[in-house]
Amino acid sequence: MHRIVANSRLWCDLAARHLSQQRSSLAARQGQLGFVRLYVSKAPVSQISSSGAAKSSDERNGPAKGAAPQAIPLAVPLVVPLDTKAIVNEITKSLEKKSKPGKQDDGQVVASITSLPGFSRLIYHYLMLSKIRLTSLVVMTAMAGYAMAPAPFELSTFLLCSIGTTLVSGAANSINQVIETSFDAQMARTRNRVLVQGHLSRLHAVGFALGASTVGVGMLYFGVNELTAALGAANLILYTSIYTPMKRYSILNTWVGSLVGAIPPLMGWAACTGGDIGAGAWILAGLLYCWQFPHFNALSWNIRPEYLKAGYKMMANSHPKLCTRVSLRHTGYTTALCLLAPALDVTNMWFALETLPLNAYFAYLAYEFHQKADSKSSRKLFRFSLLHLPLLMILFLLNKKHWVFSHDKPEEQQIDEYLVPNIVAEVGAGSGGGGGIKAIEDNLLMNVASVLPAAAAKN
């Protein structure tokens, strides 16, 4: 920083001297402008000569043998006469030029305007603020819940549910980054986030979160149904107000975070069925809940020093044996839920058979992590968890028991002709064999009186 300030002052002095000498010649050139291009040298400040004298003949012909290399003056202004069209072309080239890392032009860096934030850059910052990869996973689980529900598919409801869930999840992640900005700066995994780098202010992030959450919950309420909107709002509050602060006080934050991850499938299921959450929805939510323990515990195992430095309370730090044991236990719960799905008439028996080897290998990796408790076993468990969940969801969808492609509409009774019901049978059944002709006549008259007005109204 000190070198930059010194270089800037030196260039200003040199530019003032040079421009004062060239003022008369520049004024004589009509219809032309002087375009200044800046070059920054890597020479130390102590070696920079402040004199503006011209180069000697020896310097023009090249350095003599055995002579020490001379420092190049910093930021010598090169005044080149150009017309207006040339200036526009030069500016366009400088804006379109993208510097490649590791490549420089003879040790010099061209100063150009390339960091002005535009609309596309703002959208990129919003995506990073929303943790777009995590938000995508949340939306995919909600879409899976919609697809697996025993109800017909409606494109409008599906899109509104997906967009609303995206906005609510993005708002929750934004608030999470606002709260944890100072802590994210201490971790290598999170120190490049938008708020830590200062690309957006915290007030800006709060405004984005308020707008996204309001629009998202509104879309779920007015475009889908009340239950889906209530689940989305509850998940937003649970993530920002309970899970995020709890990460610094208790290891129970892992259980709360798993509950947050289990709600999106319920949202998708409720959106498809109109608010009816059945046994299949709870099995799907249970699978997401159990899957998160081996997934997150394996992830946090290799970054324990960073969590400890930032002050987060994680099982991997304070209770390492509990961390591995909980991971193994929940792989067993996942297998049990897959076996329970056919018993509750949610899927067919093939789902239990097809997921058995998948869950068995998942449990084996968790057992290996429990026994060894090292970086290699945790990394293997984490990587397979990324494959395990989508395969499980695909098998659930392919083997779901009830497929509904259209709404069942009750058939309307149409009176095409006058039909006399079997009055004798009705009277005989109602009276236990008695009643006589009088009862038959009374029933016949009542039926005729009810049928004739309907037939007359139809005609």
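Quick reminder: no glycine exception, Cβ is built from N, Cα and C everywhere.
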When TrEMBL is consulted, the range among 227-244, 335-352 described as transmembrane segment turns out to be 227-244
Contact between the transmembrane segment (200-221) and the transmembrane segment (277-301) is defined here as three or more C-beta pairs under 8 Å separated by at least 6 residues; is that satisfied? no
Result, the transmembrane segment (200-221) in contact with the transmembrane segment (132-149) (3+ CB pairs under 8 Å): no
Using a cut-off of under 8 Å between C-beta atoms, tell me which stretch among 155-179, 200-221, 251-271, 381-398 contacts the transmembrane segment (227-244) the most. 251-271
